[in-house]
């Protein structure tokens, strides 16, 4: 039987096409904005960007006419409806429905209008709740998902499978990357619904500004987590667009584990909070360990460059200039 998984597809031409038209969907988000910065830094001059008000990705007819008119050569799909546990529990229909609509519209129109290559970005939440650690790509669909974000996860799994199906049926070069926990400029620092790293940064900053004696953090601080600076992810995306044309999705992680306690101490140091750090052990810890196995990407020749300490310092500078100063 012939190999129709597309593993024989040519790679290495993306970096040579600096004037090719590239559509980055979701360019205002944490991930999309970093990809745009990286592409511009690398000398790409023909980026097509649309805000939500200019192009509603959930509208099939709008997406279809956009592709018919603009005819991008490459597509990076970083647009998604995202949110924390509370949002996922409150709006499950939105999390599965909106993400399925965006993916279906963009992937199908990209294929029908002759896009040369598409990169779909997912999330580490696609993996089973009790996946082996570190989590290899092969763990996908081997067990039940974490119930708190299964609606979002199922949509993302469908996106991976859609790319694979179009590759199998149409020999079309659609690839998928699965990032670990991300942080960096343009992150969400909202007090109610931000992730652990920006939430800690905001709390330490506010405690410092208010001369507070202590900051109380939920749990014991023992869970292990992995963090990747979003600029490293953007670098990996450009690398994958240029160097990877395989059937299987690719994990994109830092490979470095840190306890929540170590993370909190590091953020405290970067922010310059001199008070005490108190752990409320009556509160839950969450999953004890979550680490992606990114050895496949490393074997292709890509590794991250930004250390957690440097990344946190950059992120705090951005937070001061773009969140704190704008409130004043």
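Note that the numbers count up from 1, one per residue, in the order the chain is shown.
Every residue gets a Cβ built from N, Cα and C, even glycine.
Given the structure is predicted, the values throughout are model-derived calculations rather than measurements.
Swiss-Prot lists 26, 27, 28, 29, 30, 31, 32, 156, 179, 180, 181, 182 as NADP(+)-binding residues, and of the candidates 170, 195, 205 the one it assigns to that same site is 195.
In sequence order, 279, 280, 283, 284 make up the list of same-chain residues 6 or more apart from residue 218 (substrate binding site) whose Cβ falls under 8 Å from its Cβ. On the backbone, the CA of residue 30 (NADP(+) binding site) and the CA of residue 123 (site 'Important for catalytic activity') stand 13 Å apart. Under 8 Å, Cβ to Cβ, and six or more positions away along its own chain, residue 32 (NADP(+) binding site) finds 24, 25, 26, 76, 78, 79.
Within 10 Å of the Cα of residue 181 (NADP(+) binding site), the following recorded positions from the list 123, 156, 285 place their own Cα: 123.
Looking only at other Cβ atoms within 10 Å, the busiest spot among the binding-site residues 28, 225 turns out to be 225.
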